[in-house]
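Asks: Pasting a structure here, questions to come.
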Amino acid sequence: MFHATTILAYKGKNKSVIGGDGQVSFGNTVLKGNAVKIRKLNNGKVLAGFAGSTADAFNLFDMFENLLQSSKGDLLKAAIDFSKEWRKDKYLRKLEAMMLVLDRNHIFLLSGTGDVVEPEDGQIAAIGSGGNYALSAARALAKHTDLDEEELVKSSLQIAGEICIYTNTNIKTYVIEDEK
């Protein structure tokens, strides 16, 4: 379980959105409440969020971004190549971390054990200590409301932040809209 992080991604009809809270904890102490755990990649066409050690996040983001560039923006190929590299590298294999990556076509959960998982519904995925709360809220809101994609992510993370002690309600979202 990765404490101090909740990341939620939603691939809707018109937009793909990823959001995260801002809390960083060490044991039972909140160290920071406004951390940003999400990055835009590939000129904003891919969004990525991270759960795990903050120090490792920058290396993993850079590694994934390089693979995304070498695959000419093909998210599926980059995700698979990233997973292979993560499993092969002795240092990276020891990391207990997860990433969510998405574009307008795909959403993937990448784990430190080399898994590349596309959610069954192809629309909603969450990671981190409040991930299950955010995922549950997002599924319910998607099914029973007419919230737009960004509001759905914000509302779901708000709910997670009200339940999970390792998640706060300082929510940051990033959006990819359909090209016009």
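Backbone N, Cα and C atoms are what each Cβ position is placed from, and that goes for glycine too.
Quick paste of what Swiss-Prot says about this protein:
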- T5: active site (ACT_SITE)
- G161, C164, T167: Na(+) binding site (BINDING)
Asks: Based on DSSP, name the secondary structure state of the residue listed as 'active site': helix, strand or coil.
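Replies: DSSP assigns the residue listed as 'active site' to coil.
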Asks: Could you find out if DSSP has T167 (Na(+) binding site) as helix, strand or coil?
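Replies: The residue in question, T167 (Na(+) binding site), is coil (DSSP, three-state).
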Asks: If you draw a 10 Å sphere around the Cβ of C164 (Na(+) binding site), how many other Cβ atoms fall inside it, taking every protein chain shown into account?
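Replies: I get 22 for this one.
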Asks: How many Å lie between the Cα of G161 (Na(+) binding site) and the Cα of the residue listed as 'active site'?
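Replies: That comes out at 10 Å between the alpha carbons.
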Asks: Run through the Cβ atoms and count how many others sit within 10 Å of the one on the residue listed as 'active site'.
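Replies: Around the residue listed as 'active site', other Cβ atoms within 10 Å: 30.
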Asks: For the Na(+) site given as G161, C164, T167, which other residues of the same chain have their Cβ within 8 Å of the site's Cβ centre?
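Replies: Checked against the 8 Å cutoff, the neighbours are T6, D21, Q23, S129, G130, Y133, A134, L157, A160, E162, I163, I165, Y166, N168, T169.
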Asks: Between T5 (active site) and T167 (Na(+) binding site), how many Å separate their Cα atoms?
Replies: 6
Asks: Among all protein chains shown, how many Cβ atoms are found within 10 Å of the Cβ of T167 (Na(+) binding site), not counting that one?
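Replies: Result for T167 (Na(+) binding site): 29 other Cβ atoms within 10 Å.
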Asks: Mind giving me a neighbour count for G161 (Na(+) binding site)? Other Cβ atoms within 10 Å of its Cβ, every protein chain shown.
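Replies: Around G161 (Na(+) binding site), other Cβ atoms within 10 Å: 22.
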